[in-house]
Structure formats: C-alpha cells, structure tokens
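One structure is given here, and the rest of the page talks about it.
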C-alpha cells in the first residue's frame, strides 16, 4: 500500500508525475524490481477573483420597484460572479452580517426583500459580508454593496377618472357593462365601493365590469381602485356611474332602409360608406347595437363602427379574388335594440366596386425583330406584347406613330399587336427601321377620358438575302432541225429554268444571234420561222433569263446552237435510184422514280409486329371456336 506522506503538498503545475521504484523478494527467490507512475492532476481549489477579493468589493445597482425576492447578485463559478470553482456542491455560502433585509440563499444568490424595497425613499445602500468556503477549508470573504435607486416606473393613473355608462334593462348575469383602464405597471383592479349590494364584479386583470344578475331600472355609483400588484401603495381611484334604462318593444326604424352604392377601388380603408340614422320607439338612438352579417368576403372588406358602414380593407379591383366575387359585396346590417325579446331591423347592403385606371401600360422588355428583305406582303414580323396591371389584364390597343409608306413599310394589328409587312423591303437602301408603337389601355375605367398610354420603341432589322441567279438545265444546247414549209411555225426547244425563292416568274429574251429574226420566244419555248432558203445554216442564239424586278434584276444566259437543214426537194426520175437515210438526233428521256428504302430496324419492328398480330388473331379465333 502506497500512501501520501503527512504534510506533503502536491502542485500539478510544478510536478505532474512521480516515478516510484518498488523492490520485492520472497524467501529463496530472486529480488523483483518494478516502477510505479503517479500522475498529479489539478484539483478543485477555491480561487477568489480580484473584484470579489478587493477591499471595496462588488457594487450592484437595482431599481426600487423590483419584485420581492428577485435575484440581485449571484456568487457563481464565473468571473462576473466573483468566484472560480468547478462545482457549487462543495461550497458553503454564509452571510456574516444580519442587519439587512436582503437574503442569501444556499446557492449563493442575493434576493430582494420579501416585501420589496420602499419606492418612496431616495437612494438606499445595503452592505453584505459574504463568506464562501469549500470542503478543504479555503474561503473567500469580502463585502458586496447593493445600491437601490429610486424607481423610474410610471405611477398608476386613470386617464378617465369619471365615466357615465347607460345600458338598457334586461342585461343578464355575467354580461359586460363597461371596461376601465389605468396606466402603470402590474395594474390590478378592484371595486372599492359600494360593498353591498353586490350588483357588479370587476375582472382584476382586464378591468371589465360585469353584472351579477339581471339588471332593471337602477342607478349605481361605483368606486374603482387600480393599484400596482407589486407595490400596493401605488394606486388610483375612478368613479363609474351606471344607469339602467327601460327597453323598447318595437323594432328600430332606420334611414336608409336599403343601401346600394358604387365605390371606386381606390377608396381607402376606414372611409365611411353610409351612416345609418336609426331610432327606437322612444325616438332616440340610445341602446342600439349594430352588426354586419353576410359572406366572409363581404365581412372582410366591410365593417360596422357604430352606425357607420366603413371600408375595412383595400378594394382591389385588379385581383382574381375580386373578379370571383363579381366585383360586388352583399351584406346585411342588423340593428338591434335591447330588451326581452330583442327587436331588430335588417338593412340590405349592395356595394359594387368600380375600376380605376391606376397603372400605365408597360412596354415589353425586348422589342427587336428580324425579317428577311424578301418577306412577302402581309408577312408577320413579330408581336409587341405590352402589359397592363389594371383589370382586365393586358387589355390594350396598339397603333403606330406615323403613317405606313416607303419610310415605314409596316403596319400593326390594333388588337393583337402583330407587326406585318405592307411595303417593299431592301436592305441595300435601309438596314433597319425604328418604329414607335403606342400602347393604350381599354376598359380600365368608367370614365373613358382617363385612358392612359405609353410609347414603346420597336426595332426591325432587315436580313439581307444573297442574290440567286436563275439556273437553266442545260446551259448550252446543240440542236438539229429540218426546216418546214415557209410561213409555218416550228418549235425548236423548251427552256427549263428556275429562279430563287423570291422569283415566282422568269422572263426570257433573245439577246444575240437572231439578227434576221428567224427565231422568236413564246414564253420559255424557242420557235423557228422557216423560209425558202435551201442551204443548211447554223445559228448561235443567246437567250437571257432573269428574275426579280426593278434594281434587283438577276439574270443568266443560255446558249443554243441550232443546225437548220433545208427540207428535201423532188428530184426527176433517173435510171439510178439512191436512198438517203437521214440521221436522227437521239432523244434522251430521263424518268425519275421515287423509291423508299426503309432502315433495317424499321423492317425488323414491322416483322415482329406482324407476327404478334397473327398470333393474337389465332388465339382469339381458337377461344371463339372452343366456346
């Protein structure tokens, strides 16, 4: 057994480990030597902070209106508490001086007096001598001063010290007659007088005065006291006179008896729509109660404040919820007079919300369009999508500033905002156009003079189309013909040409090789006009083919070499006959056949589908035969 030597002091900060060498031997055996390591760790020692151990001690300032037994100071294991110690279970707290109303708990908390501080005095100072001791006998003992400052809380007061209340007879037990209110902190209420008879009670927290039984024609004078629950000496008194009048036995009469009105959507919440003028059988409006009945949407937008019907929330015409209501609110004002039985009058209400043109139209975020210069008349360039937040949403009319013409070859649809081509476009003359579109709202206000508009800039860029010459197949032809009889018309060939996408019609003209006028064009067909010339003669013709119009004319030239052979003349009979066979020009016929060659996967799918279809039909037929 290894023990600590008496009087030894361990300090883990100086030496935190000791190595002991132990030797042991038994009779007749060799000696054995082993080492024992003893590690020293920091222990729980009580340390006093500078502030707690100083001569002045800690100073705590509190207000005089703190609640009784409120913790004012804590000796905690943290710097602000004054001590540093890992566990409070090993500490003992003791108050050395007992001439103080303050209390020190076993957990080291300094509490306010059981009855609180006196708020009427000036600054008060209490000195505490606190001793803290741990289980090793280490202690800290210093003073703590508690300074009690004058209270800054407001005094309990009644803003209305005198009140007169008139109610109608027939009010049952526990019905609210009136309510009083006093300013201050922790306010409670009590009926100070009269003590008897007990006709009324008061809620000590809310100040509501209620009847204890059914009231009949009486006049009561109540003295109400309000006080601070934490400081009962702070109190105020108010008088309430309650008068119970007789009830009417006829329903009240109201003007108007029915209310129908149109209200603009900009009517602000809280504004009055109508004030009812209602009277009972006594000819006065006293004792009347007004309530609004109807759908939840009507009661959320309209409310009653006494005899006044008011706007409760924003009447937004530009919302889907308002459109679902049909822009109308229906309700009923119920006017009730006290008594048994209660008499009431119902006033129907119909309020129609009218639109107000609040917002200007808004231009689209991007208004740039591109159109090819070869666009045909009436082609759509783009659509200007303006917006308007007034209901109905985006109800706009579109118009272009300036008239359509060469400088502005566009028009806009009045309702849809589509821009169309209505003139000739040429990117060589003008590459882009700046259009000014006017957006004008419609159907957004009852007054048509309050329409609003906005000008929007729209850019239209012309996309140049490359020139495409007419193409003729073939471009050079060599032909042989036999001249017919003079004065006849003999077709030679038909030119096959096609132009670009903007050239629907091509024009043909012989521009060379037809000096004597033996050939002419009929559309795209070359015609030969025979004469009585007997010798063969070749002709080289140049035919110009062009498309387009004006300054954008594009043309190609086709060369035709025509060999004209005179027609044969009768020869007198002779002894020798010779047969001449004319060599004919071979005729080449080109025929194009359309052939569809599906891919391999399509053939495989089609084959499998056919097999499955045949199998299904076979199974169906077998099932029918079995039945």
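Just so it is clear, glycine is given a Cβ too, placed from its N, Cα and C backbone atoms.
When the ranges 574-599, 600-625 are checked against TrEMBL, the one recorded as transmembrane segment is 600-625. Tertiary proximity for the transmembrane segment (600-625), restricted to same-chain residues at least six positions away from its ends with a CB under 8 Å from its CB atoms, involves no residues.
For the domain 'Cadherin' (255-363), the model's average pLDDT works out to 87. According to DSSP, the domain 'Cadherin' (255-363) comprises 11 helix, 51 strand, 47 coil.
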